[in-house]
Amino acid sequence: MKHFLRALKRCSVAVATVAIAVVGLQPVTASAAPNPVVGGTRAAQGEFPFMVRLSMGCGGALYAQDIVLTAAHCVSGSGNNTSITATGGVVDLQSSSAVKVRSTKVLQAPGYNGTGKDWALIKLAQPINQPTLKIATTTAYNQGTFTVAGWGANREGGSQQRYLLKANVPFVSDAACRSAYGNELVANEEICAGYPDTGGVDTCQGDSGGPMFRKDNADEWIQVGIVSWGYGCARPGYPGVYTEVSTFASAIASAARTL
């Protein structure tokens, strides 16, 4: 989920997730959802083969074919865990071609307490035979325009989606993001993206844990963020907040070696 209130984590159920929201540009009150989707596009089959849907209502990406990188707020701790089902290989969650694999272990970021450090790894019982998504190890790619994708809600308060949706969101500076969230932003662990002036494009409930990514210098996808939280979905003045993957790249690699 994406946080709604940390400002909220972007979850679809008890733990968080986020979805692509492309909504009307008017302000939203706590009691009123924005207009239905007015933009955004459905991803093509095979366009983002590393995308994974998790049964608790979050997204994720294949760090390895048998390890999913997601958000810490999507899981309830570390240890053996066979309760999560990962679905991969499709954009249509109802497709007969969907690959469904159970989890065996979960590793939540050490020291996670609800603020910052919002990453986790899920070990799968068997590999999902799809390309993986490499992660950024430096801040060199923490700029420009990013892609986000997910099966989460397409409007604030909306339902989860059958088909994978995608959108582009531009980098938002720490200063601009801090003007929206103040001390809630952990600037050395988080990266912001979106349209703070107008709103209208964002991740939303059900996309939490999914990747924010862009092309690297070799024209290959590289993950720079993990969907974490934001105030509502696509509201003017409030960009999305993502775990800054490069900050935790070494810790993620070390943790993966233990699974």
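Think of each number as a place in line: the chain as shown, counted from 1.
Keep in mind that glycine also has a Cβ here, set from the backbone N, Cα and C atoms.
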- Item | Recorded disulfide counterpart of Cys204 (Swiss-Prot; options Cys58, Cys74, Cys233) | Cys233
- Note on the structure: recorded positions near Asp118 (active site, charge relay system): from His73, Cys192, Cys233, Cα within 10 Å gives His73
- For Cys233 (disulfide bond), which of these recorded positions sit within 10 Å, Cα to Cα: His73, Cys74, Cys192, Asp202? Asp202
- Query: Of all the disulfide-bonded residues here, Cys58, Cys192, which one's CB has the most other CB atoms within 10 A?
  - Reply: Cys58
- Can you tell which of the recorded positions Cys58, His73, Ser208 lies nearest to Cys177 (disulfide bond) in space, using Cα positions? Ser208
- Across the domain 'Peptidase S1' (37-257), what is the average pLDDT of the model, as a whole number? 95
